[in-house]
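Annotated features, as they stand in TrEMBL:
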TRANSMEM  89-111  transmembrane segment
TRANSMEM  141-163  transmembrane segment
TRANSMEM  194-216  transmembrane segment
TRANSMEM  241-260  transmembrane segment
TRANSMEM  267-286  transmembrane segment
Amino acid sequence: MPICVHCSTPTQALYVSYGPQHLICTKCKACGAFADPYVEHEAIIVVIDLILVKPRAYRHLLFNRKDVFAQDDTRKKVKESPATTERKAWLLLARHFLALLLVDAYLRWFYLCRDHNTSLQESMSGDLSTRLLVLWSYFNILWSTCTTMLTLHTVVLLWATVYHRAVRWIAQRQTDSSRSKIDQNELQRFKMHLIPNALLLSSLTPTFLLCLLLLWQPLSHSSEDQKQPGEWQWNEASIDWAIRSLVSGLSAGVGLGVVLPLQRTKVGALMATTILMIGWYLQFVVSQKLGMPFHSGVGVLQSDEGQIAAKLYCLAN
Ligand SMILES: [Zn+2]
């Protein structure tokens, strides 16, 4: 059942159709606002709100867009079995994961190996063996990026599932007078695949900003002669660090928060933060083991961990 994107209350329908071009959004019985105004808007509005880290955009995509995350679609005449719906959801998740992984690995590879191997440009136009070496360095970083991403997703999924079962266990033992404190609808609509999907959605904002930074970078290089030594490296490194840590943290917190039970309480916010902190810590440990630097933008080679990573992953001069 779809939900109101403002207060998460389930609603029978998001709109009433009076023809192909005439939709009227239904109002939420709980908060009185239109349950999901995104059904009237273009997809770009959803993307912009997602980049602006608005919880309602996450709710719209995770709970009301059946075509994106393959939840049970009640509009279908032939209803699929829950196992089929679940399998489709995990397959879609794997595709989304792979797409994001390829982009993130490329960003890391570009910043780490571009400056380290001063003959990279010449290598790309060189013989086949040199090109294969360049590709090999990318696949090495791809593998390490995949391992660190899987670590985060697995740890967060594991703890979120434990948390959900704990809340459900408590809800089953509550008295009728205190049962209203736990929203039963939140517990019922929880699906395991929503956790990694929420994390992937939250990764879109930092990835989008890092791609913008990548496109922006040549402009800074064109004015290299006028700038102070090291000035741009520091500025762009700071932006990269802020995107990787602050923006990623905010997005992941919001994404996970709309999926976990008790999302509108302090307990829910605390649990989302705690689970993410555990996931990030273990991801950091795995990154250190693999020699991958946390920072991945311009200036990565100025750090000690960047130098070590470049020797591990990049094509030698
Ligand atoms: Zn509402």
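Each position is counted from 1, following the chain as shown.
Keep in mind that glycine also has a Cβ here, set from the backbone N, Cα and C atoms.
TrEMBL: automatically predicted annotations, no manual curation.
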Counting Cβ pairs under 8 Å to the transmembrane segment (267-286), which of 141-163, 194-216, 241-260 comes out on top?
141-163
Determine which residues of the chain contact the transmembrane segment (241-260) at the Cβ level, with the cut-off under 8 Å and only residues 6 or more beyond its ends counted.
8, 53-55, 58-59, 62, 156, 160, 163-164, 190, 194-195, 198-199, 201-206, 209-210, 213, 268-269, 271-273, 275-276, 280, 294-297
